[in-house]
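> Let me begin by handing over the structure; questions about it come next.
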Amino acid sequence: MRRLLTLTTLLAGVPLAAPVCAEQVFSFQRAAGQLPKTVVPVSYGINISTDIDNLKLTGQETIQVDVRTPTEDVTLNQAGLHLAGAVLDNGVKATITQDDAAETATLHFPAKVSKGAHTLVITYSGPILKTPNGIYVDDYTAPSGETKRMLVTQFEVADARRMFPGWDEPAFKATFQLNVTLPKEAVAVSNMPVTQSTPEGTSQKRVSFATTPRMSTYLLALVAGDMKSVQGQADGTPLAVYAPSGLEEQGEYALHASEKILPYYNNYFGVKYPLPQMDMVAIPGNYQAGAMENWGLLTYIDNVLLFDPPNSTPRTRELIYEVVAHEMAHQWSGDLVTMGWWDNIWLNEGFASWM
């Protein structure tokens, strides 16, 4: 409150060239975007199988949708995926047209889909990338000297469409329940806790995560690999910092920082952090985003999350605290409350930096 009062006082003395106009109250129908708003996702059930050696994924998703205007066509985003089939409700099949330049797919049904709740099942496949966007692999040198491979996602601004077809615009919020098949030795983390892990054949396992709150597609996240963690808690919320095995102890400083920051934000915003956990992950090297505020699974390039006392400088300690505080602020400003379109992302970033 004191910071806001100070800022208001300072601005009161600044001459303005034109009247300041507040934006209108958010309206989903008026929100900017490229997709039609005739069909809106309510929940996604996403099942993906990963082949990280051959860089391929296959998927099937079940999307509960709300048809707001009867239509024969459902248009959603995809980028680099091949949609093999789409079925509505009791087996009504769609004809699929993909526009790779527009990064969309249009599902055409033989008759208008009626207004109300429907179930859409889509089967698809696609690549796992080596570039740090969408779903990709990060090859790095472990402390042991071995070359290791980590599976990582980075969806901001508009790359969730590289892992699953969906309404990949920030205004289209929905819940997500993620299931992923991956190497059995990998530790997998996502926005929510693991609910089940079962063997798949001799070399893989299927990991299921709890359903997220309503959120934008760009905030969904998955990281899997040879990782270990240090753990703590604050205000009743379990906290953890994950790092490549052998480096996990270097996450202690970031963990202690988060234990101080979380109670402060809970009090400052007057809304307690709503997810059942908060995990932070150090991505070794191939992570151009620097840091990302995925709701409940904050990801960082390793040199802004890990602190090695014999080798790190005091400035590194300051940087870690600053970046952790910034990404944690986004759990409210950006994740809980989200801009309707990307032209207001400056407000997300500005507010998190100001905090």
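Positions of Cβ are set from backbone N, Cα and C atoms, glycine also.
Checked Swiss-Prot, it gives:
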| type | residues | note |
| --- | --- | --- |
| ACT_SITE | Glu327 | active site, proton acceptor |
| BINDING | Glu156, Gly290, Ala291, Met292, Glu293, Asn294, Glu349 | substrate binding site |
| BINDING | His326, His330, Glu349 | Zn(2+) binding site |
> Measure from the CA atom of Glu327 (active site, proton acceptor) to the CA atom of Glu349 (substrate binding site) and give the result in Å, rounded to a whole number.
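That comes out at 9 Å between the alpha carbons.
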> Excluding near sequence neighbours, so keeping only residues 6 or more apart in the same chain, what lies with its CB under 8 A of Glu156 (substrate binding site)?
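Once residues fewer than 6 apart are set aside, Glu156 (substrate binding site) is near Tyr218, Leu219, Ala289, Met292.
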> What binding-site residues among Gly290, Glu293, Asn294 are found with a C-alpha within 10 angstroms of that of His326 (Zn(2+) binding site)?
Glu293
> List the Cα distance (Å, whole number) between Asn294 (substrate binding site) and the residue listed as 'active site, proton acceptor'.
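Cα-Cα, rounded: 9 Å.
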> May I have the list of same-chain residues other than Glu156, Gly290, Ala291, Met292, Glu293, Asn294, Glu349 whose Cβ is within 8 Å of the Cβ centroid of the recorded substrate site, in sequence order?
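Here the nearby residues are Ala289, Leu298, Thr299, Glu327, His330.
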> Using DSSP reduced to three states, classify the residue listed as 'active site, proton acceptor' as helix, strand or coil.
helix
> Most Cβ neighbours within 10 Å: which of the binding-site residues Ala291, Met292 is it?
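Sorting the candidates by Cβ neighbours within 10 Å, the top entry is Met292.
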> Would you mind reading off the Cα separation of the residue listed as 'active site, proton acceptor' from Glu293 (substrate binding site), to the nearest angstrom?
5
> Rounded to the nearest Å, what's the C-alpha distance separating His330 (Zn(2+) binding site) and Gly290 (substrate binding site)? Just drop the number here, would you?
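His330 (Zn(2+) binding site) to Gly290 (substrate binding site), Cα-Cα distance: 14 Å.
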> According to DSSP, which of helix, strand or coil covers Gly290 (substrate binding site)?
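DSSP call for Gly290 (substrate binding site): coil, neither helix nor strand.
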> If you count, for each of the recorded positions Glu293, Glu327, Glu349, the other Cβ atoms lying within 10 Å of its Cβ, which residue has the minimum?
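With the recorded positions Glu293, Glu327, Glu349, fewest surrounding Cβ atoms within 10 Å: Glu349.
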> Counting other CB atoms within 10 A of each CB, which of the binding-site residues His326, His330 comes out lowest?
His326
> Going by a 10 angstroms cut-off between Cβ atoms, which of the binding-site residues Gly290, Asn294 has the sparsest surroundings?
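Looking at the binding-site residues Gly290, Asn294, the Cβ with the fewest others within 10 Å is that of Gly290.
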> Can you check what DSSP calls Glu349 (substrate binding site), collapsed to helix, strand or coil?
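Glu349 (substrate binding site) sits in a helix per DSSP.
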